[in-house]
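Engineer: Here you go, one structure.
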Ligand code: PLP
């Protein structure tokens, strides 16, 4: 007998997109050593942690240094002080009913959106929007819910919901019955959002079909318009059909500090093969207590400080800063005569590449003629072909410089 690998992992296509971007940029830089390349493709924040967060972080680290105040393992689900602050500020203040014990603190929405599929049977049919944040797809490939990737770039067995210009980036309800549906709004990569009414159609679908929506709201803080829900639980009936993922990464700069949370409402139940119902909250709790030992105390205190008046003021300032970049990007694209979407309720701007130019040709054009790097849309799924992502996560200065260069190009 030999050790064998989990062959599902062998179905994964290598993340060609970012290595190919780097290869092309390096080659360009070698040919043009004086080139002043501006990277507009990065999905990471650039502004530092808010002062209120840093202060709370320091104070908690000092507590860890005192014999009386030291803390060892905390609750796997997170400290009550943070779960209560979230329930109050993110939900109750908006009239949404989520209790602290339905909130599970974690070290990232990436892990949670990747791990959640473990508590569902392997025979569930999974639907994803296309283009998509790759974690939803690849975690299901690893688990064995798909076949190999076909020539069109789709994994067999997954249901892809194309979101393109033609349908205003509103995911179409599936023709076949699906069980698990990943929705991410405001969306990465398209930067578009769903209105209450549009999201309500999905909640109704899930209720009728007996499906579960896995709702990733990592970019919730960027919502500017009133008709966009901040939480799926603003939609009537969503508590029975939806799990929600949130993160401190993009609202408070925690990408390197790591803190997020997942909401699993009490009412959410799924049957076993004999029809007996099981609360998902209990299954997720079981999963987390077995495989996860909680987020560090100082990080949870730092996250708690996001909800102080000072913390709120500071995070608003950072978000406004990024959204000003987004506005500059949108105005420059307009001037350059390019069609674009997003950038209003999200830090991402999704450009339609000009007629006859695919995602990679547009990448090369921007790199060669403007020394600006973005992300070819096709890297996020087959329906991303013909699109290109720019992000507002940059300094104002670099955004302005990059857009001045882009405005001078004609398409
Ligand atoms: N969900 C989406 C849609 C994202 O784009 C990202 C990060 O880029 C994440 C989740 C990851 O969040 P976290 O930093 O909390 O793991």
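Using the three backbone atoms N, Cα and C, a Cβ is placed for every residue, glycine included.
Automatic, uncurated: that is what TrEMBL annotation is.
Under the heading substrate binding site, TrEMBL lists 16, 43, 110, 133, 188, 293, 389. Sequence annotations record features per position, and here TrEMBL assigns pyridoxal 5'-phosphate binding site to 73, 109, 110, 133, 188, 219, 247, 248, 249, 258, 293. Feature annotation from TrEMBL assigns domain 'Aminotransferase class I/classII large' to 36-399. Taken from TrEMBL, the feature N6-(pyridoxal phosphate)lysine applies to 250.
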Engineer: Per DSSP, to which secondary structure element type does residue 110 (substrate binding site) belong, with helix, strand and coil as the options?
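Structural biologist: SS state of residue 110 (substrate binding site) = helix.
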Engineer: Among 43, 73, 110, 133, 247, 249, the binding-site residues in the record, which have a C-beta under 6 A from ligand 1?
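Structural biologist: So the answer is 43, 110, 133, 247, 249.
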Engineer: Taking only the Cα atoms, work out how far residue 110 (substrate binding site) lies from residue 73 (pyridoxal 5'-phosphate binding site), in Å, as a whole number.
Structural biologist: 22
Engineer: If you count other Cβ atoms within 10 Å of each one's Cβ, which of the binding-site residues 188, 247, 249, 293 has the most?
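Structural biologist: That would be 247, with the most Cβ atoms nearby.
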Engineer: Tell me the Cβ contacts of residue 389 (substrate binding site) under 8 Å, same chain only and six or more apart in sequence, or just say none.
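Structural biologist: Listed in sequence order: 41, 189, 191, 348, 349, 350, 351, 374, 375, 377, 380.
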Engineer: Just to confirm my parser: what is the rounded mean pLDDT across the domain 'Aminotransferase class I/classII large' (36-399)?
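Structural biologist: Averaged over the domain 'Aminotransferase class I/classII large' (36-399), per-residue pLDDT gives 97.
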Engineer: Which one, from the recorded positions 110, 250, has the smallest tally of other C-beta atoms lying within 10 Å of its C-beta?
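Structural biologist: Counting other Cβ atoms within 10 Å of each of the recorded positions 110, 250 gives the minimum at 110.
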Engineer: Using the residues the record lists for pyridoxal 5'-phosphate (73, 109, 110, 133, 188, 219, 247, 248, 249, 258, 293), what whole-number Å value is the largest Cα to Cα distance?
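Structural biologist: About 34 Å separates the two most distant Cα atoms.
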Engineer: If you measure residue 249 (pyridoxal 5'-phosphate binding site) to residue 133 (substrate binding site) at Cα, how many Å is it?
Structural biologist: 15
Engineer: Let me make sure I understand the span of the substrate site: among 16, 43, 110, 133, 188, 293, 389, what is the greatest distance between any two Cα atoms, in Å?
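Structural biologist: About 36 Å separates the two most distant Cα atoms.
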Engineer: List the residues of the same chain that sit at least 6 positions away from residue 43 (substrate binding site) in sequence and have their Cβ under 8 Å from its Cβ, in sequence order, or write 'none'.
Structural biologist: 188, 391, 393
Engineer: What Cα-Cα separation, expressed in whole Å, is found between residue 133 (substrate binding site) and residue 250 (N6-(pyridoxal phosphate)lysine)?
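Structural biologist: One finds 15 Å between the Cα atoms of these residues.
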Engineer: Restricting to the chain of residue 16 (substrate binding site) and a gap of 6 or more, list residues whose Cβ falls under 8 Å of its Cβ, or answer none.
Structural biologist: 379
